[in-house]
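Per TrEMBL, the features are as follows:
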- C:9-28: transmembrane segment (TRANSMEM)
- C:34-50: transmembrane segment (TRANSMEM)
- C:57-76: transmembrane segment (TRANSMEM)
- C:96-113: transmembrane segment (TRANSMEM)
- C:125-142: transmembrane segment (TRANSMEM)
- C:154-180: transmembrane segment (TRANSMEM)
- C:192-208: transmembrane segment (TRANSMEM)
- C:241-262: transmembrane segment (TRANSMEM)
- C:294-316: transmembrane segment (TRANSMEM)
- C:328-355: transmembrane segment (TRANSMEM)
Amino acid sequence: MNEFIFLFNSVVISGAVIGAIYAMGAIGVTLIFSILRFAHFAHADLMTTGAFVTFFLTVMFPGVGPAVGLPTAFVMLPIAMVLTSLIAVGIDKAFYKPLREHNVKPIVLVMASLGVTFMLQGLVRLFAGTGSRNLFVDDRKEIFRIDLPWELASRKIVITEPQLLLFLFTIIAVVSLHYFLTRSRLGKAMRAMSDNADLARVSGINVNVVVIVTWVIAGSLCAAAGTLLSLDVALKPDLSFNLLLPIFAAAIVGGVGHVYGAVLGGFVVGFAESLAVFNWAVVLRPLARAMEWDLPRSMALVPTEYKITVPFFILIAILVLRPTGILKGKVI
Amino acid sequence: MAILETKNIHAGYGGMNILNGINMSIDSGEIGVIVGANGAGKSTSLKAIFGLLHISEGSIELNGEDITNADPNTLVKHGMAFVPQEKNVFVSLTVEENLEMGAFLRKDSYKGTLEAVYHYFPDLKDKRYQPAGELSGGQRQMVAMGRALMIEPKVLLLDEPTAGLSPLYMNEIFDRVVAVNREGVGILMVEQNAKQALNIAHKGFVLAAGRNRFTDTGENLLNDPEVAKSFLGG
Amino acid sequence: MLADYKREIILFSGLFALILLVMSFMGMAYSTRMLVEASCYAIIALGLTIQWGYAGLFNAGIMGFLAIGAFLTMLFSYPVNEDFWGSGLASDLGSVFLKLLIGIVLIVGSMQLGRFGVRQNVRRLITLILIAITYIVFMNSLDPVAGAIESEVGFIGGFGLPVWIGWVFGGLVAGGIAYFIGHICLGLRSDYLAVATLGIAEIIKAFLKNADWLTRGTLTVSPLPWPTPGPAELGFVMARALYLSLTALMIVVIFFLLTRAYNAPWGRMLRAIRDNETSALAMGKNVNKRRLEVFVFGAILMGIGGAVLGSFNGIFDPSGYIPLNHTFLIWVMVILGGAGNNLGTLFGAVFVYILWTMSEPVALWVFDVIRNLGDAWFGWEAPGDLDSRALQARVFVIGLTITLVLRYAPKGVIPERVAHHHE
Ligand SMILES: Nc1ncnc2c1ncn2[C@@H]1O[C@H](COP(=O)(O)OP(=O)(O)OP(=O)(O)O)[C@@H](O)[C@H]1O
Ligand SMILES: [Mg+2]
């Protein structure tokens, strides 16, 4: 029984945590892809930037959280989302829009976004240093250990407050995005533009507004994902390093240009990663004892050091088997 | 008074000039029809009027106001709407959402217009919650026209609304065009079915190699032997 | 004739003056080292200029190709580890790779099952199962052997062969990896290649860093032999100058070959594809095959460049490969110099490399001034890690340069000469 609780903790919970983070990143990537038609390589660093915005806010007002009974960083999140959206819109105005107006090929925008990645990286490290930070300044991370009622289950299910907040936030974000895209006029205009940008222009849809809304959504989700991830682990300037590839893999696996596909892709990649590095020896040990097998110490499918290869091979597999992604994205 | 007038416009793609002086004019409440061989520059003329191409020479007036090189957004606000020749519906949006997109710029309620469009095209009302990509060619043309009508335009530009349709659908579309026109909407449309189109046209413009070849009333063009010989198939 | 090249002449004279300036300030030993490194970067940049400049292919994982080139040089040229070959471990390792080989043969065979009328779904299932089995068997049998190698003999050592063999293999293996990636991605959207190359670079690095039995991982391998007499025999300046003449010779040869290829029908076809894919497709040109060729050729040059650089550095350190220095600096060289123009690329490579190396002391100096002024005027106490932050300012500058060049000088300082070809 304990073995299965271990499996639950390290596969189901941690897979869902990282999957939710990837999903939020992939939604932004997929939206930018379908509205502006380029792969936004600065996305992971926008997440880091968002997390640092939260960090600065938390340091400035450390007492807010304890007053409300939530982590300060979480209370500051809405403000950070607004600020990060502004940063995203500003980046677009300064660096991508002029190129778009020159009618460059999409790949040039990809390269410009790499330039932006470095600018963000440089700035974050210039102002915040290269060390790792804790988003809990005046408060502490709460960890819930849930006892199971069965006798054999002495191990506890472990879940932290930031993880619960993350799940809650992800559900609310996805549901509200769904209603925004299907019910509001601007949301429909976004879908129209991703469907047929020329016709959208001809119909009188205000392309600039749609672009700004896209960046606002992407930027807010970046801030949220970056903050919630750093609340759960730690805030590091190279947070983005391990996020970029999984996010792209998630967007492509789900079907580029497809918001629900991005969510699905995020969880697929997240669970695949945690399953791949899970040490199956732990679960098999009781059986092995009974059968008197000799199990190796580690029976993970992929050694933890090679975790980064998992999204890559998922990506390669999907490109070979079904390049349009699971949900058939529009943009190939 | 002319509601839409182009004076000697020149335009093209990139550096290449396709239009070398197009003159067209329709009065409010008139139907103007553009005919001509493939590649004559018919679609290009409409795109140039609608601000999708850069006009290097000449000018365009809408209701007496200069709109040369205005962007589509402004033109829609001024009451002009355009239905392109191809890819003229949002395939992943439902029929009703397509129509709503046509009304994007309207601040007032467009419910009445929506009902009016469904009144013109009853087929669409039954399919209102279906993605436009699942409709037949004729129904798509109706969606496209309906979308353009949602701003209650003063001038409607149509590029080959009957292309590839069965005669039955074709007649229906022509009927609708006439009906819309009766409501006072000026229409400038490109047509391959020249005879039928000139029949309902007040004005006709025959283009060749980016220039006006003949310009006259629809009736006179139909009766002109030279036009008949080279453009109406005898 | 010469007047046509006025821009090139001025720029290269300026570059020459800059080099002389560096020589007089930093001394010959320093400058020759910088020049050798710059020339290695030039080889790599030429590889990128054909991928991006000739064919419009985006490679975001140059680092991986460099690292694999350097690794193969290390493997081929590093002295033989007698302990390893003398122990039974060599044959153990051999049998592990035999299993892998059998697995690969079976996998490749299963892909051909289509010829015998096996349905695609079934075929794919069989292939996937074979891949899984091969992977698990290989990992399981490698693990104990690798552990034994690490604990008993350190690592397997090199083959003790001449350096140039390592360079050749470095290029070939880099080309092979490019073939694999290109084969999968080139038919798809251009962005997918960027994502995939980014991934492959990280994977190569993760592999080289963690396969201690093969590369010593973080312990690094040194000294790597040079193909030319080393500093011990000739002194720093002479030895480096000799190495420099070797790299310069390589650049001349590569340059000559590239210029010919560029003007040959092959190059013309590539540019036609780059500039107008649809019409090239309509002309019945095999777009993806040409692209795959150019992608592989570019990667071969990158592998060779990485190998030459690796030998020169004398140390193989997998964690020393970082995307910034080994991918994006090269991008800056190419787009600043002029993508698709070999002379421009050469100029960009040397110029940017000099600026990059010189910017380190400059950044430190500027931040030192800021620290002192801040202290004197506002009593500001600078953070302790100000120096490492100062170096991050360079990262920002690289990013800014990329975006500014794309916007204001998209063709670089020496733009591609649009050949008026008559077909
Ligand atoms: N996007 C474009 N880029 C470059 N040239 C174009 C483009 N679209 C059309 N052309 C060229 O402009 C010319 C006129 O094209 P246009 O589409 O206006 O013809 P048309 O009269 O509408 O013909 P059709 O009856 O076939 O629709 C043609 O020679 C065509 O090749
Ligand atoms: Mg046309």
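Even glycines carry a Cβ here, placed using N, Cα and C.
Because TrEMBL annotations are produced automatically, they should be read as predictions rather than curated entries.
With a cut-off of 8 Å between Cβ atoms, the residues of this chain six or more beyond the transmembrane segment (C:154-180) that come close are 64-65, 68-81, 83-85, 90, 93, 200, 204, 212-216, 221, 225-227, 292, 295-304, 306-308, 310-311.
Within its own chain, the transmembrane segment (C:9-28) is flanked in space by residues 2, 34-35, 237, 347, 350-351, 354, 358, 413-414, which lie at least six positions past its ends and keep a Cβ under 8 Å from the stretch. Remote same-chain residues near the transmembrane segment (C:241-262) are listed as 32, 35-36, 39-40, 42-43, 46, 50, 54, 226-229, 234, 301, 304, 308, 312, 342, 346 (criterion: CB distance under 8 Å, separation of at least six residues from the stretch ends). Of the Cβ pairs linking the transmembrane segment (C:34-50) with the transmembrane segment (C:328-355) and spaced 6 or more residues apart, 3 or more are under 8 Å, so the two regions touch. When each of the listed stretches C:57-76, C:125-142, C:294-316 is scored by C-beta pairs under 8 angstroms to the transmembrane segment (C:192-208), C:57-76 comes out highest.
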